[in-house]
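Asker: Quick one: the structure is below, questions incoming.
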Amino acid sequence: MQLLLKSIFTCALFVIFVYATAQSLLKVQETEARQAYLNVTSSSSSNLSQDDGHFLSRRLRQVSHGEEGDEGAPSQMDDELEQMTKVHGEAPDAEELRECSEGLVLPLWMPQRNISVGDRLVRGFVYFVLLIYLFVGVSIIADRFMAAIEAITSIERAVVVKGPNNTKQVMHVRIWNETVANLTLMALGSSAPEILLSVIEIYAKDFESGDLGPGTIVGSAAYNLFMIIAVCMIWIPAGEVRRIRHLRVFFVTALFSVFAYVWLWLILSVFTPGVILVWEAIVTLLFFPLTVLWAYIAERRLLVYKYMDKNYRVNKRGTVVAGEHDQVEMDAEKGPKQPMVTSARGNDAEAFDEARREYITLLTELRQKYPDADLEQLEMMAQEQVLARSSKSRAFYRIQATRKMVGSGNLMRKIQERAHSDLTEVKAQLHAGDDEEADDPIRMYFEPGHYTVMENCGEFEVRVVRRGDISTYASVEYETQDGTASAGTDFVGRKGLLSFPPGVDEQRFRIEVIDDDVFEEDECFYIRLFNPSEGVKLAVPMIATVMILDDDHAGIFAFTDSVFEITESVGRFELKVMRYSGARGTVIVPYWTENDTATESKDYEGARGELVFENNESEKFIDLFILEESSYEKDVSFKVHIGEPRLAPDDELAAKIKEVEKKPVQDLTELDRILLLSKPRNGELTTAYVRIRESQEFKATVDKLVAKANVSAVLGTSSWKEQFKDALTVIPADESEFDNDDEEEEVPSCFSYVSHFVCLFWKVLFAFVPPTDICGGYVTFVVSIFVIGVITAIIGDAASYFGCALNIKDSVTAILFVALGTSIPDTFASMIAAKHDEGADNCIGNVTGSNAVNVFLGIGLAWTIAAVYHSSHGMTFNVEPGTIGFAVALFCGEALIAIMLIMFRRWHKGIGAELGGPKVSKYISAAILVFLWVFYVVICILEAYDVIRV
């Protein structure tokens, strides 16, 4: 069906073109015949005039009658020729055969007189091909211009907002308001050729009015409103709809887009017919900032708009009071009413939170889809999806469309590369502190800082490490210090010097522990580092703690702390159970988990089992597995218990204790009592709370990635190297956004290669334009608009020569050919936006806004310059209403029909949206819009050639 519509559309254009060309060439042929006939007649008249003037008139009449009889030429033409020869002595009206005038940039194809029809057709074809190539070039440089505009409008500033728990949070928001950007720089970027053509034509014609510039603007407006919206209606996938979100802004731009052409009609035909005064031109130009201001007020709900969401009633005293909020948003999606949540944090903060929630939701979905992928891979895929789904500007879709047409590939590939670089950059920032040790001074410390030894271990080894620069010699002294353990009784005191030759990063020494047979509590002593050599600093731990466990007791068992705080991304967590005050025998300690605020199988895996402490073993670990949900904010806990410890049945100490327990109390010796006291028992900390919090690294990663989720960055370039690489590389224009499962590399299609080599000249030429990263895009902005101006001037000359070669009027060339050439990229951009955007603002809202801006800025600026110039020279700026006035009036009527059709589709229960909807309704609506455009073009052409007179 889409192919059929494209074929019908192409055939309609071809028929219109053939008709206009045939009519023009017919007039050319008739005029050439008249000219030849007149030349012959004039030559005969010149020879006879010396003899008899009366004979001349009679002879002319005879020849006239003879021609009528022999050749069948109309007598009316002969009478006109005779009359004109008598009165003027010259050729017929010069308008019948237009002679081309020299252009502003493009040289004129000579000669201009005595050209055959075949020559004119060849010249017309050459100019037509040149126009197409120029349209491609201006489309490519316009994309550079749009990228610069995107870089300018995406400038951000840091603001501090309060989080849900009154925590301060720094976020970056755009300085430019979206509506203001769309109606100013974005509109200028998408319509720069039309606007500049209007201004350049005024200058090229010595500040006199022309038909090409205004005709292009009016023709482009008609094509945008009718054809682009029609194509977007049927381009929406089956079963989907797209609605305008900012309906207030759409109403403002739609109102001004119609009023703009009503205003043109007023100043052309009503106020001062045929004359544009200075005040009229200036007011036309001032309507541009007024449109932007009004749209901004509507979008921000300022002035009267802030009262439009409230209901009002009159109380008993006759006072108007505000009622309850009606909870209906004009730009809300169709569906159940939702209460409005007012937040002091502002729209930017709410948008940031929404983007963050979307990122986390995507991460959860991807975790379920790819359960074997690690967190970093999931974060990469989530960032790709966030960038792909994030809000995109008109510039993105315009550049995306052009890149596909000229073989430069899909912007989604750049998004994928950007996601990888973003994640790498964020991870590097988060771990930056881990890689800065090389710049620190030389440090020495114990590793580890805590030692637990048995009383009967004999000796144990202590390790001291050096970090930083190890290329020099360094030294440090150490000594033992008493704690609850005393030197000489529990250990052998020691003092010494540790030397670190160049290249050595650690040294070790040994401490001896003294064993005895007396039961005693656990004891500890310390080892201290001091007096480091020059250039060496002592770092923590500079004091090591040594715990001596008695080997005559089975031990006391407990957790090291009552609360353990972990992150959900830890995966496996080892919970330590300590055995102190002895480590004799094999002891079994039961353990189990219990829900608190955390839920088993959701937040953690339940565990139940027994720990077996072998003889002289002082610590064991309970393996706990934490289930990660990638929650941005999480705070839940569960309990871990240890039960009563018991000696292993086959343990030697257990057998001895059983024998002693059989004895009467009065028969127990001192050694028996000590043996009974050595039974294992629990300490105070038998229950530990494990608190699961969100991962701070994950939280920081989310914040940074969401802050970086700006598609604008992929539109710009950072270096000339990147630009020339893009210009010389053929990239496949694949339609898919991402394909994580397909590892096969795609190959560019034949169309990609052909379009690449056709556009290679433009791509290489425009690679010299400065990158957008220079001065925030402003240099690119200035250079691009200059280049667009030069190419637009050439387009103006080529379009004029094209019309002149085929004797087509400038007004027809502008409305039909130039308007189409400048609007084709916008058509493809709107199609992509319609398919991928969630709303219809980038398809419909930008059309009405662009139409209004084109008139107020394009025609207003050009006419202001011309009116001021003529006024300064004491003259008036004359503009013949003619075809422009008729086209404006016709467009206004059809525009109202189109806008009413769009609103009818939105409010109709069976459709409910401007774009998409049921198959039959969307094709009928699109057909109506296509008919409006074809009717508009045909009537304008017929009026231009006086086939119909208004």
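Cβ coordinates are placed from backbone N, Cα and C, and glycine is handled just like the others.
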Asker: Looking at Swiss-Prot, is V847 on the same side of the membrane as S101?
Answerer: yes
Asker: If I look at Swiss-Prot, which residue among N595, N616, N846 would I find recorded as N-linked glycosylation site?
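Answerer: My reading of Swiss-Prot gives N846.
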Asker: Test of record reading: of N114, N177, which one does Swiss-Prot tag as N-linked glycosylation site?
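Answerer: Swiss-Prot records N-linked glycosylation site at N114.
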Asker: Could you let me know which of N47, N165 shows up in Swiss-Prot as N-linked glycosylation site?
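Answerer: Looking at Swiss-Prot, the N-linked glycosylation site feature maps to N47.
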Asker: Taking the transmembrane segment (849-869) as reference, which of 180-200, 217-237, 279-299, 750-770 has the most Cβ pairs under 8 angstroms?
Answerer: 279-299
Asker: Does the transmembrane segment (884-904) make contact with the transmembrane segment (180-200) through 3 or more Cβ pairs under 8 Å, each pair 6 or more apart in sequence?
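Answerer: Result for the transmembrane segment (884-904) with the transmembrane segment (180-200) is no.
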Asker: Within 10 Å of the Cβ of N114 (N-linked glycosylation site), how many other Cβ atoms can be counted across all chains shown?
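Answerer: Taking every protein chain into account, the count is 9.
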Asker: Among all chains shown, work out which of the binding-site residues E455, D490, D515, D516, E523 has the most CB atoms within 10 A of its CB.
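Answerer: Counting Cβ neighbours within 10 Å, the top one is E455.
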Asker: Taking Cα atoms as reference points, rank the recorded positions N114, E455, E523, N846 by distance from D515 (Ca(2+) 3 binding site) and give the first.
Answerer: E455
Asker: Would you report the average pLDDT that the model assigns to the topological domain 'Extracellular' (835-848)?
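Answerer: Over the topological domain 'Extracellular' (835-848), the predicted model scores a mean pLDDT of 82.
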Asker: Just the number: how many Å between the Cα atoms of E455 (Ca(2+) 1 binding site) and D516 (Ca(2+) 3 binding site)?
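Answerer: That comes out at 8 Å between the alpha carbons.
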Asker: Can you count helix, strand and coil residues in the topological domain 'Extracellular' (835-848) using DSSP?
Answerer: 10 helix, 1 strand, 3 coil
Asker: For the transmembrane segment (776-796), give me same-chain residues lying six or more residues beyond its boundaries with a C-beta closer than 8 angstroms to one of its C-beta atoms, as numbers and ranges.
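Answerer: Sequence-remote neighbours of the transmembrane segment (776-796) are 103-106, 131, 134-135, 137-138, 141-142, 144-145, 147-152, 155, 192-193, 196-197, 200-201, 204, 212-213, 716, 766, 769-770, 818, 821.
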Asker: Going by Cα-Cα distance, which of the recorded positions (N114, D490, D516) sits nearest to N846 (N-linked glycosylation site)?
Answerer: N114
Asker: When DSSP states are grouped into helix, strand and coil, how many residues of the topological domain 'Extracellular' (771-775) land in each?
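Answerer: Breakdown, helix to coil: 2 helix, 0 strand, 3 coil.
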